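Student: Just passing along the structure, written as C-alpha cells.
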Amino acid sequence: MNIQRSKTIVKFLFLFPFATSVMFFAPPSVRFLIGLIPMDKCSLESVEMLTSGNSADASLDLWSRNDVQTCTSWKAPIIWEGMFNPSHYDQIHRNKGSSVALTVFAVGRYLDAYLEDFLSSSEQHFMSSLPVSYYVFTDTPEKVPNIKLAPNRHLKLIRVERHTRWQDISMMRMKAISDVIESDIRHHATHVFCFDVDQVFTGRFGPEALGDSVALLHAHYYHLPKMLFTYDRNLKSKAFMKTGDFYYHAAVFGGSWRNVKALTEACYRSILADKENEVEALWHDESHLNRYFWLHKPSRVLSPEYCWDTSIGYRRDIQVYRLLWAPKDYYNLRTS
C-alpha cells in the first residue's frame, strides 16, 4: 500500500505542474490543438432517456451538436448553444412560477474592481424572463453601487467579515450561502445560482440553465484527458479524489434551494474538518465542490459557454459567450 501511495504522489507531482502549465501558460497554438481533442459523445438513443427531472428538457436536441458531449454517463444533459429553444424554456419556467436567487461575494478590493460591471451585465442577460433576487455579500455595504433594477428584481446586502486566508474565505462563503438560504432565500426563490464576482455577462444566461443540481464544465479542462484534471490527491483531505467524471468550475454552481443548501453545508463541513486536521485542499472550495459532485451527480451540466476565458483563444465548439472571466490583477486585489 505504501508503494502504491508513493507512486500516486510521484505521478501527481509530475502531472500537476504539467496540467497547470497547459492551462495557463501554453502558447495559443498548443491551446488550439487541445481544442481538437475530441470529447465523448452522448450515447442516449432518445431524449426521453434523460433523468434530469425537468419537463422542458423533452424539447432538447441532443444530436444538434455532434462536435461536443451533450449528455453525461448518468443521463444528465450538458447544455450547449443550438440544443434548446430559448423561448420554450422561458415560457415553461414562467408557467411554473420559477424564481432565482443570485449570490455573489464582493469583499475588499473585489467590490470596486468588479461588482458594478457584474450587476449591470446581469441585469441585461441573467434570467431576464424571471424574478431575480440578488444577495450581495460584502464587508463594505455602503460602497455597493446603485444599480437600476428591472421590475421583479431586488437586491439585498449581507455584511460579512473579511478574511485573508483562502481556507477561511472558502469556509465563510459556503457557510454564509447556507445560512442565508435557511433564513431568507428558501421563502422567496425556487432556485439559487452562486457566482464569483470577477465575471461579466455577455449573452443569454436563461432558464435553460436551471435544474435541481447544476455544475459547470471548467473552460480550461473540458478537452483535457482525466489524468490531467487537478483534483486534490491528498489522502488526508476531505476533498481527496482519485478520479472523477469532469472537472467543474466553482465560479458558477446552482440548483434548487434545497440542493444548493445541501452542497454548501457539505463543503463547509469538509473545509472545517480539513482545517482542524491542518490540511488545505489544493484548489480550496473548488476541490471540495468537485468531490461533492463526484458523490452527488449534478442533474444538469453547463458547457463552458456559461463561463468562458477568452485567453484560451478560438474554440470552434464555443459558439456563444454567455459569461466571461474578467481581467485579473491578483497582486493588487489581494494585497491590503
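Glycine is treated like the rest: Cβ placed from N, Cα and C.
No curator has checked TrEMBL annotations; they are predicted automatically.
Note that this is a predicted model, so its numbers are computed, not measured.
Relevant sequence annotations retrieved from TrEMBL are reproduced here:
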- 12-34: transmembrane segment (TRANSMEM)
- F105, A106, V107, Y110, D196, V197, D198: UDP-N-acetyl-alpha-D-galactosamine binding site (BINDING)
- D196, D198: Mn(2+) binding site (BINDING)
- E286: active site, nucleophile (ACT_SITE)
Student: Taking 8 Å from the centroid of the Cβ atoms of F105, A106, V107, Y110, D196, V197, D198 as the cut-off, which other residues in that chain fall inside it around the UDP-N-acetyl-alpha-D-galactosamine site?
Tutor: V104, L111, Y114, L115, F118
Student: Measuring Cα to Cα across F105, A106, V107, Y110, D196, V197, D198, which the record gives as the UDP-N-acetyl-alpha-D-galactosamine binders, how far apart are the two most distant ones in Å?
Tutor: 11
Student: Could you tally the C-beta atoms, other than its own, that fall within 10 angstroms of the C-beta of D196 (UDP-N-acetyl-alpha-D-galactosamine binding site)?
Tutor: 20
Student: Between the binding-site residues F105, Y110, where is the Cβ count within 10 Å the lowest?
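Tutor: Counting other Cβ atoms within 10 Å of each of the binding-site residues F105, Y110, the minimum falls on Y110.
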Student: Among the binding-site residues listed here, A106, V107, V197, whose Cβ has the fewest other Cβ atoms inside 10 Å?
Tutor: V107
Student: Can you tell me how far the Cα of V197 (UDP-N-acetyl-alpha-D-galactosamine binding site) sits from the Cα of the residue listed as 'active site, nucleophile', in Å?
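Tutor: Cα of V197 (UDP-N-acetyl-alpha-D-galactosamine binding site) to Cα of the residue listed as 'active site, nucleophile' measures 15 Å after rounding.
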